[in-house]
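Peer 1: Pasting a structure below so you can have a look.
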Amino acid sequence: MPPNAQDAHGSIGLPVTAAPAAAANKMDCFLTTACTPLNLQFIDVSYRVKQTERSAAAKAPPGRISSHSGAGAGGAAAAAEERTILRGVTGEARPGEVLAVLGPSGSGKSTLLSILGGRLAGRHAGTVLAGGRPPCRGVQRRTGFVAQDDVLHPHLTVRETLVFCAMLRLPRAAPAAAKAAAAEAVIAELGLAACADTVVGNAFVRGVSGGERKRVSIGHEMLVNPNLLILDEPTSGLDSTAAARLVATLSALARKGRTVVMSVHQPSSRVYRMFDSVLLLAEGSCLYFGAGRDAMDYFASVGFAPGFHVNPADFMLDLANGFAQADYNFTAEGGNVKQSLISSYNKVLAPRVKASINAGAAAEHAQTGNDGAAEAQPPAESCSGCASWAGQFTILLRRSLKERRHETFTSLRVFQIIAPALVAGAMWWRSSPLAVQDRLGLLFFVSIFWGVFASFNAVFAFPQERPVLARERASGMYALSSYFMSRMAGDLPMELALPTAFTVIVYLMAGLNPAPAAFALTLAVILSYVLVAEGLGLAVGAVMMDAKRASTLMTVIMLAYLLTGGFYVHNVPGFMVWAKYTSFTYYCYRLLIAVQYGGHLRRLLPPEAVDGEAGPGACVAALVAMFFGYRMVAYLALRRVRK
Ligand SMILES: Nc1ncnc2c1ncn2[C@@H]1O[C@H](COP(=O)(O)OP(=O)(O)OP(=O)(O)O)[C@@H](O)[C@H]1O
């Protein structure tokens, strides 16, 4: 028998036992009462991936099936081949229980969990049933999925992370205070009170410990009061005590009616005892599925008894790796341990497992069918489980401002702007309006400075946020449009304040056109231009979704804009004339010249600097089109971000 979860929980001193009664009560309110039991069944689940590999046929190890039947040895130089990751895996996870998926690295655990959590991008074969029917959106929303890597905002504190999550994921009908209380309850339940006000951190930002970060990830998923909680290697990187505490917590959560599925690499024997069911995988094939406590008896019955006391998990991993210690004294015939276990499983266990699961699924299907059509639909909470669009926008905006407070208006950022402004102001100190070429140089410097600054600040935004965005979108936390708009709005304060400070300094020091209208128009042009440049940076970042590639492309684009901006070359060859019309720097530069020189343009400037250039109306129209166009491209590119 698996140990009583509450006992195990208490006996190893889990923080929940020390949690204040009030917090525990809140927990009951928000995280227990509405939990509907969910039986998860998966029958004959297989998954293959296509991969292109040079000389595929020559290299193919066992288990790889060439999709080109005609390819001979040494095959085509770049042949597409299929690799089987999962081969007909069948099993079941029941409410109130923990199912552990064991297996060596690369055996397919993460792939199976992604399929069960509806997070796999590709298509798989076989059936997954939640409550007797294919998982609907409602089930997916009530599925907590904790990926192997902790994908969290590193600069938010533990409390902020969970409160924002509660605001976004709990039903909109619940008052804000109740959502905050639910977050506090999760903090108490997972023993995070001591580090609640510490930033989460990551590999680059010092924050909470690895175990605490993992618990924050779990808390993030617990907040939806999941019926089904799927965790990929939640104990990786934890010492054995921390791992046991975590699994005891998960076991206690299961006892409250949830279905918990977790993969685990190397459980200790006390952790193993907390698993109700176990699924053992080897190279995508099932070697065992059944009660954790029955596993050793099963392996003994098919000729693989260890002969002495051993941690069942260690023994099972040895088997799944095909590793048989000399002193195991196996009685089974044949040399290949893995093959022998696969065929034993297919002969002995698989028919029983499938029969029992099929019978259970049919009974469940009949029951939900008899309960009427309304029951079969996703529960109403699936739609109301998130805030309204305006609510999402406000919460995401607040979160985005908090997440980036460390980089907003920092002394470094201010220095980055004020220093060049002072240098430029000093270089062009009280410049004469008649020194036209000098002034054109200043206006072009301003254009290129803000083009580069704004676009490079924006280009990293989406590549950096991609993992969090993908995870949050996969769990249906918010609409992409609300995220996108909040991101735009969150950037505004810095985008408007810094260029304004820069313009004031340079304008006054360089003694540009003193008319208030000219100053106001210059400022308006620069601010609009910053927003357009930011749009280009966002679009390039969203399309490339890779910081290095995006910044390389951005450098090339900005260098092209520098050349085609209209300052360096006037006698452009006919076949390159079009290039300047693609450049926002060009439009900004033309507008700044128009504001400074207005009707005197023809008298003061050489004809080649005036003739054939875009007029102010065309420049404004082009900047407006670019403002919307770049943002549209960024938005459409973001729609591809999934899982
Ligand atoms: N899209 C893919 N393309 C190619 N190979 C893939 C793909 N997805 C998974 N694999 C391969 O399938 C195998 C199983 O991967 P999976 O991540 O499921 O293993 P795992 O048991 O979770 O391993 P670990 O314990 O190391 O995380 C690995 O060899 C992996 O390289």
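Any Cβ shown, glycine's included, is placed from N, Cα and C.
Automatic prediction, not curation, is the source of TrEMBL annotations.
Got these off TrEMBL a minute ago, pasting:
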DOMAIN    40-308  domain 'ABC transporter'
REGION    55-77  region 'Disordered'
TRANSMEM  408-429  transmembrane segment
TRANSMEM  441-463  transmembrane segment
TRANSMEM  492-512  transmembrane segment
TRANSMEM  518-543  transmembrane segment
TRANSMEM  550-569  transmembrane segment
TRANSMEM  614-638  transmembrane segment
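Distances, neighbours, how buried they are, the whole picture for these features please.
Peer 2: A Cβ distance under 8 Å defines the sequence-distant neighbours of the transmembrane segment (408-429), meaning residues of its chain 6+ beyond its ends; these are 401, 438-439, 441-442, 445-446, 449, 453, 493-494, 497-499, 501-502, 505-506, 508-511.
For the transmembrane segment (492-512), the list of distant contacts is 408-409, 413-414, 417-418, 420-422, 424-426, 428-431, 439, 442, 446, 450, 454, 518-519, 522-523, 526-527, 530-531, 534, 596: same-chain residues at least six beyond its ends, Cβ to Cβ under 8 Å.
Using a Cβ-Cβ cut-off under 8 Å and counting only residues 6 or more beyond its ends in the same chain, the transmembrane segment (550-569) has close neighbours at 440-441, 444, 447-448, 451-452, 455-456, 459-460, 463, 536-537, 540-541, 543-544, 576, 579-580, 582-586, 589-590, 613.
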Peer 1: Six or more residues beyond either end and a Cβ under 8 Å away: which residues meet both conditions relative to the transmembrane segment (518-543)?
Peer 2: 446-447, 450-463, 491, 495-496, 499-500, 502-503, 507, 512, 550, 553-554, 557, 584, 587-588, 591-592, 595-596, 623, 626-627, 629-631, 633-635, 637-638
